[in-house]
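Right, one structure below, let's go through it.
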């Protein structure tokens, strides 16, 4: 799926190596209003550029609380690197389904940073 067609994207950069985080497994979930349970919408992996552009199809996004879960322990283990965080969960709220959202993650074995990108 083209990045332009998806209303939600992410990009993971491995700041320890200065390279994109290739092959990192992630899950996108939405918090259901009535049950207050997370429903998984998609499981995917970052591409060679550390991006995962097609998380939601156009028209699939609706207002609510979403969560991106990044399986960082497996990523670091494949690289022979010990790490502090076995996974990272980024929870965010979407209020306008007509907007585009980009959620970057800057990742090292001992820290991470995220923000709302454009």
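Here the Cβ of each residue, glycine as well, is placed from N, Cα and C on the backbone.
Feature annotations, courtesy of TrEMBL:
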DOMAIN    3-117  domain 'Transthyretin/hydroxyisourate hydrolase'
BINDING   11, 51, 115  substrate binding site
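There are 20 other Cβ atoms within 10 Å of the Cβ belonging to residue 11 (substrate binding site). Proximity of residue 115 (substrate binding site) to non-local residues of its own chain (separation of 6 or more, Cβ distance below 8 Å) is seen for 104, given in sequence order. Same-chain residues that are not part of 11, 51, 115 yet have a Cβ within 8 Å of the Cβ center of the substrate site turn out to be 9, 10, 12, 13, 50, 102, 103, 104, 105, 117.
In the predicted model, the domain 'Transthyretin/hydroxyisourate hydrolase' (3-117) has a mean pLDDT of 93. Residues 11, 51, 115 are recorded as binding substrate; their most distant pair of Cα atoms lies 15 Å apart. Within 10 Å of the Cβ of residue 51 (substrate binding site) there are 19 other Cβ atoms, across all protein chains. In the domain 'Transthyretin/hydroxyisourate hydrolase' (3-117), helix, strand and coil residues by DSSP number 10 helix, 51 strand, 54 coil.
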